[in-house]
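K.L.:
From Swiss-Prot, for reference:
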- 26-396: topological domain 'Extracellular' (TOPO_DOM)
- 26-125: domain 'Ig-like V-type' (DOMAIN)
- 126-203: domain 'Ig-like C2-type 1' (DOMAIN)
- 144-167: region 'Disordered' (REGION)
- Cys419: S-palmitoyl cysteine (LIPID)
- 419-458: topological domain 'Cytoplasmic' (TOPO_DOM)
- Cys422: S-palmitoyl cysteine (LIPID)
Amino acid sequence: MNRGIPFRHLLLVLQLALLPAVTQGKKVVLGKKGDTVELTCNASQKKNTQFHWKNSNQIKILGIQGSFLTKGPSKLSDRADSRKSLWDQGCFSMIIKNLKIEDSDTYICEVENKKEEVELLVFGLTANSDTHLLEGQSLTLTLESPPGSSPSVKCRSPGGKNIQGGRTLSVPQLERQDSGTWTCTVSQDQKTVEFKIDIVVLAFQKASSTVYKKEGEQVEFSFPPAFTLEKLTGSGELWWQAERASSSKSWITFDLKNKEVSVKRVTQDPKLQMGKKLPLHLTLPQALPQYAGSGNLTLALEAKTGKLHQEVNLVVMRATQFQENLTCEVWGPTSPKLTLSLKLENKGTTVSKQAKAVWVLNPEAGMWQCLLSDSGQVLLESNIKVVPTWPTPVQPMALIVLGGVAGLLLFTGLGIFFCVRCRHRRRQAERMSQIKRLLSEKKTCQCPHRFQKTCSPI
C-alpha cells in the first residue's frame, strides 16, 4: 500500500501537466475606427518566451518562433504587429493598425501556460453631411458600433453646448460659436473612448454691426469671416435701405474667387469702393444723412446651399447753428434707449433727450458738444462753436472804404449842386437881358394907331 501512494502522486502531477492553460479574467478595450490600438499581454518573468495571439475562432494572428515574429492566416495579418523591443521585458502586446468596426472581437494571448482574453470594441463617429456647414443648418452625428453593444454618447461643442444620446445625435440651428473641435465621449462597459470632430460653421464674425460717423466723415464697413478656408469662391451683394428712402436698393455686387474680390456692379450715388482681398471691406467716401440706414450683405459660397448674412447699420450725426437756434440731429437706426445731448464745454449747461434731435434757443457763446450716448458710454461726438450774437467791431479797412465812398458821394453831390446853380444863374441872366431888350423896344415904338389918336384930319 505504501508503494501505491507515490504512484497516485505521479498520476496527479501528470494530470496537472496535461490540463489546458489557465484563462485569466477578460479585459475590455475600446478602439476608434481608423486608429491604432495596443492589446497588452504580460508574462510573469521578464524574459523572451513563446506567445501566441488568436481570435475567438482560435485562428492564429501572430506569435514567436525562435526569435522571429510569425503571422497566421487571419484577416489581421497585414495590420497586426508586436513590439519586439519589449519581448525581453516579458511584454508581448499586439498592435492593430487602421481599426475597422469588424475588428471587434475577443482576442486570446497564450503565454506561460496561461491565457489572457481581451475584448476589443471598435466604434466610429462621423458627421452625416459635410463638416463645413452654414450658420443655421443642422449637424447630425452617427455612431458606428459592433453588434450587441449598447454605447452612450455625449458631445460638447467649443461654445459649451452639450448633447447626448445613443447611436444618432442631432444639433439643430448651428451657431457661429459652435465652430471648432467638438469633443465626444463614447461609453461602454464602464470604459470610454474620446473622439475629436472638427466642425466649421460658415458665418461672419458678427451677425450685426453699427458704424457711427459725423456728417462728412469717411465710412468703413468690414465683414470678416469666422472661418478659414484655403479656397473660397462665391458671389455677394449689398442691399441698402436708407432711412429717408421708401425702398431698398442694391449698392454693389461682386465675385469672390480664391480669396480675390472683383466688383461686378456699383451704384454711382453713392459710389462705394471695395477691397480686392479678404476680409470683405467697403468704403463710403462721405457719411451723409441721405445714406443713413441699414444694409444686408449676402455671400453665396460655391457648392453650398444657402447664404452667409451680415447686417450693417450707419448712424450719421449733424450739429448746426441757424440764427438763434443750435440743433443736434442723428439719422439712422438707433435704440430708443440712446440719449442725445447738447452740452456747453466747461459749463453745466446740458440738454438731453431720448430722441433723434435736440436743440437750444439763444445758446451761450462757446464750444458745444453734441453727444450720442448709451448708458453713459459716448458712441458719437461732434463739436460746434457758437459765436456771440452782438455785432462784431468794424475793421479799420472797412472804415476807410466807407469814408471813401461817403466822400465820393459828397463830392459828386456838391458838383451836381454847383452845376445846377450855375446853370440857373445863367438862365436868369439871359431872362433879365431879354426883359431889358423888350422894355427898350417899347419906349421907341411909333405905331400907326398912336398917330391916329393925336392928329386931326386935313
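Including glycine, each Cβ sits where the backbone N, Cα and C put it.
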K.L.:
Kindly state the mean pLDDT of the domain 'Ig-like V-type' (26-125) in the predicted structure.
P.N.:
92
K.L.:
Just to be sure I understand, if DSSP states are collapsed into helix, strand and coil, how many residues of the region 'Disordered' (144-167) fall in each?
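P.N.:
Final tally across the stretch: 0 helix, 10 strand, 14 coil.
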K.L.:
Summarise the domain 'Ig-like V-type' (26-125) as counts of helix, strand and coil residues per DSSP.
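P.N.:
With helix first, then strand, then coil, the domain 'Ig-like V-type' (26-125) has 9 helix, 49 strand, 42 coil.
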